[in-house]
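Written below as structure tokens is the structure these notes are about.
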Amino acid sequence: MDSLYIVVPCYNEEEVLHETTKRLTDKIDRMIAGELISQDSRIMYVDDGSKDKTWQLIEELHGQEPRVLGVKLSRNRGHQNALLAGLMTAKDLCDVTISMDADLQDDIEVLDEFVRKYQEGCDIVYGVRNNRDMDTGFKRNTAQAFYKLLKFFGVDAVYNHADYRLMSKRALEGLAEFGEVNLFLRGIVPQIGYKTATVEYSRGERFAGESKYPLKKMVSFAFDGITSFSVKPIRMITTVGLVIFLVSLIMLVYSLVVNAMGHTQAGWTSMMMSIWLLGGLQLMAIGIIGEYVGKAYMETKKRPKYIIETVLRDE
Ligand code: UDP
Ligand code: MG
């Protein structure tokens, strides 16, 4: 039997940690009893530079409950980096990991199914939501738009899959090979390969605390995802540029003809319109290209994605 580490990034989650620990240890115990996973399975919390008592709580829980381990980042680096820090730490300590959110919005009863798929030979198992009834209409709509947008721009991501997923040691070693700084796990993980599977589950409500993903973070997350994986925005700009170039050829002929016929009117309206239109388009194009240049710049720096301050683990 293999040891399972459940990796949970936490940012200001003091309100949920007790309950989450209770539910997860109970689940792990039941899975051990069901002979799905080994005795040395653990919960690994990653404190993503929380401003509240999250880390003190993790330390406390680690003291009381042998199943709880902790990793503390030196500052807030965002959900994706915190998750990666946890996964990379866990990869050297266990056989298989499952990542999930601290609020347990994702039904933990499907963990058995995750592990069963793993035992059948899958290296990556994606948790896929089959309903979003519990989310607010706003969250649901923005999230749906997010997946559609990713798909439109050609990013190879699993539909309705957040970061609730099982990854084997081997898959994690593959993930470790990716050197990029702009980290978008949902786009990278499908690139690893190996045999994969999906498991459906229903998404519940956050039982305490509030979402750490406000609209602003979601928008920048989506933008990051797209520009990290797709050159489609640049191609679109190129297409628009081409179309405008063709139109301007027609306009050239047209204005020459009008000129030859002697009707050289002031043409102020069309002039103003084209100046504004082209000016706007050019700025937009420069902005998008700039985004890629900025990313290339960041990649060349090869900055560490996170720095671990402390690791709590078995002696
Ligand atoms: N999170 C994190 N760092 C951040 C923001 C969020 O580690 O900067 C964690 C958070 O503690 C939670 C998970 O990411 O475990 C998902 O956040 P949340 O449940 O607030 O997002 P939502 O479910 O509303 O999309
Ligand atoms: Mg949540």
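Cβ coordinates come from backbone N, Cα and C, glycine included.
Here TrEMBL flags 6-173 as domain 'Glycosyltransferase 2-like'.
What TrEMBL records for 240-261 (among others) is transmembrane segment.
Beyond the transmembrane segment (273-293), the same-chain residues lying 6 or more positions past its ends with a Cβ under 8 Å from any Cβ of the stretch are 227, 231, 233-234, 237, 240-241, 244, 251. The annotation transmembrane segment is assigned in TrEMBL to 273-293 (among others).
Per-residue confidence over the domain 'Glycosyltransferase 2-like' (6-173) averages out at a pLDDT of 90.
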